[in-house]
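Engineer: Can you read through this structure? Questions will come right after.
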Amino acid sequence: MGNPIRDLSNRVMMMFSRGVVRRVTDTNGRQQLQVELFKDELRDDIEHMQNYGFTSHAKGGDVAVAFIGGNREQGIVLAVDDRRYRITLKAGEVAMYDDLGNKVELLREMVKVTAVQHAEVEAPTIKMIGEIEMVGNVKIQGNIDSTGTVTNNGKNIGSTHQHNGVLVGTANTGAPI
């Protein structure tokens, strides 16, 4: 008969482990990982529990695995991280990021969205409240409806603008005043 205290101690020690993600399978509504734990311990098809609304695919990342009752055949991946791509934040800040440099940061002074190549927002209606400043060219396909003043290079070019040098006939007017 074995030593029950030693057996219990061994099971407790085997309940949690760290490792590295070697393969990711994203099918059947859940994600399963192949993880390398100890030097020669490779575990297949361990379910990765992810928070609702968030998912990731971090092959090569660090993993924390729990084994219910210390049974190494029944693991659940609790967390995956990849320090190679982790960004640094101040206390209280939050971010979503990937290995390419795309990120959404909830910073102390602003919300910052960084897209490495292209960003797209798709919605039937988009409403922005506040001052908007754009740097770069603007291309618009469709109409512009403005209820305020339209200004170009400091000159009013909206429906209430005026011109100088107005002549009767087909002559061109001067620039807006």
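Cβ coordinates come from backbone N, Cα and C, glycine included.
TrEMBL entries are annotated by machine, without manual review.
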Engineer: Can you say which of 31-51, 157-177 is given as region 'Disordered' in TrEMBL?
Structural biologist: 157-177
Engineer: Go through the chain and flag residues at least 6 beyond the ends of the region 'Disordered' (157-177) whose CB is under 8 A from any CB in it; none is fine as an answer.
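Structural biologist: Apart from its flanks, the region 'Disordered' (157-177) reaches 146, 148-151.
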Engineer: Per DSSP, what is the residue count of the domain 'Bacteriophage Mu Gp45 N-terminal' (18-84) in each of helix, strand and coil?
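Structural biologist: Here the numbers are 3 helix, 37 strand, 27 coil.
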